[in-house]
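Chemist: Mind looking over this structure? Questions follow.
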Amino acid sequence: MPDTILVAVAWPYANGPFHVGHIAGAYLPADVFARYHRLRGHRTLMVSGSDCHGTPITIAAEREGITPQDVIRRYHPTFLKTFQALGISFDLFTQTYTDNHYRVTTDMFLRLLENGYLYKETMVGSYSETLGRFLPDRFVEGTCPNCGYPRARGDQCDSCGHLHDPQDLIAPRSVLDGAPVTFRETEHFFLDLAKLEPQLRAWIESVDRSYWRANTLLFTQNWLREGLRGRAITRDLEWGVPVPVDDPAFKDKRIYVWFDAVIGYYSASVEWAERTGAPDAWKDWWVCLPDGSAPARSYYFIGKDNIPFHTIIWPAMLIGYGNLALPYDVPANEFLNLEGDKMSTSRNWALWAPEIEDRYQPDAIRYYLIANGPETRDSNWSWADFVQRVNSELVATWGNLANRVLSITHRNFGAVPQPGELTDADRQLIAATQQTFESVTALLDGVKLRAALSEAMALAQTANQYLSEQEPWKLVRHDQERAATVLFVALRTVDTLKVLFCPFLPFSSQRLHELLGYTGTIAPQPHVEETTAPDGLPRLVLTGDYRASAGAWRISVLPPGQPIQPPTPLFQKLDEAIIAEELARLRAKVRL
């Protein structure tokens, strides 16, 4: 029976376009992982969507004098365009502004309330005297009490990741007008994390330390070490999921965004199932089996600033609800810097995805963001390094290997040649191919994407060396049988590398698949469909049918006699002049 895999990906606020840090931090790693499991033939569901209730959206709406829905309709389509351009293959990328999400969130709230894991309590809320209203946490900024960062948000510090309440900040102020905030009492519902703490601790102790990343465990253990306390799940807001209780005091309050956003993984799975015509299919990924075990392995791809929400709060909600599968792994990535400096949207020091997705081949961007990805430590986008690695690794190593082998074969044989007797050199490359296939498989199973990509590229280097030593371009003139054997071995290595690179480089892998004489698709791409939002206006989702790639993860069995198509280069060499051009673009737009 094939494995069942849930790939749950962080929900971005629909208040601005993606920069490359977002892509490297969650969306591209998730896509590589999902594509790999589909190639294995595993039942794979990859879901996410635009977080429509985040405070940044309401801030943008208030500043522009428009509605939150207007902000969402401006930026949600840009997400879909970027995902299509880069081949991010969601089974469903939706929104939290849907009837389905409101229904699932309401059910989660009521079940937790029924099971005794929610309670009411009066708390102190941030209040603007100048505006005469309560302020959401992210409408408040101040100095972080933990690290001293001067622009910490009311709920979390972007610098150190510390979670806190607005009243913990030093000199808190409103982001709307800069005025100091005061604090008033207001009643809200709380998630009883203290009551759930014993079960959470037992779960954390049960996870396999061999695959959870060290930083993910450290963040989680530090939270538990401090002890858990109740966390408010409602706020004095006008925009969001209504609080489903018959209490006039909560008529003008809404469910807090951090609570409803994580439910999105669950609600998106339900929406996907309904869209496929099998409304109960989501249960295959979520509902525990009769023995209490999970029906699937659930992987949550996020940035490190979201670790506590996915290793403490969301698991607590799942435990409190009952009979829903807990995360199997939370591969949280670190941050991607830009030219040695932390990206800053306020300073516009960022490399925005829409700015580069049309200027460079998608596989060049994908390659660099994985090869240089922030898996276990912060990494850095450098234009000089981007050009150097694309040219020396993607073009001169892998692209050159594929082009040389196909060109010589097509010119001299027109098809995959019939091999003769193998030599030790042939057998060594065949063995290296087998070993690399096994090691890349194991690394991808463990979500070690950088290492897996490096192993595949190392095999391409080995195959290039084999070609240089065997010189088939000379052999074709005086020893056709030996030339045929060398090219056959090289073609099968290239064919296997096509598969190994496919999760990382789907566009060029599909092209190579066709050049090698295959029909069909090994790298299906997503597409946009239209549905309807709760306000009756059109709503766009990203989806796709990826079944065509199932079972393609295997060592090459490329048969002799299969026609080879006239090859063209898979990748474009980059002119070094673009380094200065791109750096100039960055400096021209930065705000000091």
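Positions of Cβ are set from backbone N, Cα and C atoms, glycine also.
Swiss-Prot feature annotations, pasted as is:
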type    : residues               : note
MOTIF   : 12-22                  : motif ''HIGH' region'
BINDING : C144, C147, C157, C160 : Zn(2+) binding site
MOTIF   : 342-346                : motif ''KMSKS' region'
BINDING : T345                   : ATP binding site
Chemist: Where C157 (Zn(2+) binding site) and the residue listed as 'ATP binding site' are concerned, what is their Cα separation in Å, rounded?
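Modeler: Cα-Cα, rounded: 15 Å.
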Chemist: Tell me the Cβ neighbour count for C144 (Zn(2+) binding site), meaning other Cβ atoms within 10 Å of its Cβ, over all protein chains shown.
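Modeler: Neighbour count, Cβ to Cβ under the 10 Å cut-off: 23.
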Chemist: By Cβ count within 10 Å, point out the most packed of the binding-site residues listed: C147, C157, C160.
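Modeler: Answer by Cβ density within 10 Å: C157.
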Chemist: Expressed to the nearest Å, what is the distance separating C144 (Zn(2+) binding site) and the residue listed as 'ATP binding site' at their Cα atoms?
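Modeler: So the Cα of the residue listed as 'ATP binding site' lies 19 Å away from that of C144 (Zn(2+) binding site).
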Chemist: Cα of C147 (Zn(2+) binding site) to Cα of T345 (ATP binding site): how many Å, rounded?
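Modeler: Between the Cα atoms of C147 (Zn(2+) binding site) and T345 (ATP binding site), the distance comes to 21 Å.
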Chemist: Taking the mean position of the Cβ atoms of C144, C147, C157, C160 as the Zn(2+) site, which residues outside that list, in the same chain, have a Cβ no more than 8 Å away, listed in sequence order?
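Modeler: Counting only non-site residues, the set is P145, N146, G148, Y149, A152, D158, S159, G161, H162.
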Chemist: When a 10 Å sphere is centred on the Cβ of the residue listed as 'ATP binding site', how many other Cβ atoms does it contain?
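Modeler: The Cβ of the residue listed as 'ATP binding site' has 15 Cβ neighbours within 10 Å.
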Chemist: Hey, how far is C160 (Zn(2+) binding site) from T345 (ATP binding site), Cα to Cα, in Å?
Modeler: 17
Chemist: Could you count the residues of the motif ''KMSKS' region' (342-346) that DSSP puts in helix, in strand and in coil?
Modeler: 0 helix, 1 strand, 4 coil
Chemist: Taking helix as H, G and I and strand as E and B in DSSP, count the residues of the motif ''HIGH' region' (12-22) in helix, strand and coil.
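Modeler: So the counts come to 3 helix, 2 strand, 6 coil.
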Chemist: Can you give me the average pLDDT across the motif ''KMSKS' region' (342-346), rounded to a whole number?
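Modeler: A mean pLDDT of 86 is what the predicted model shows over the motif ''KMSKS' region' (342-346).
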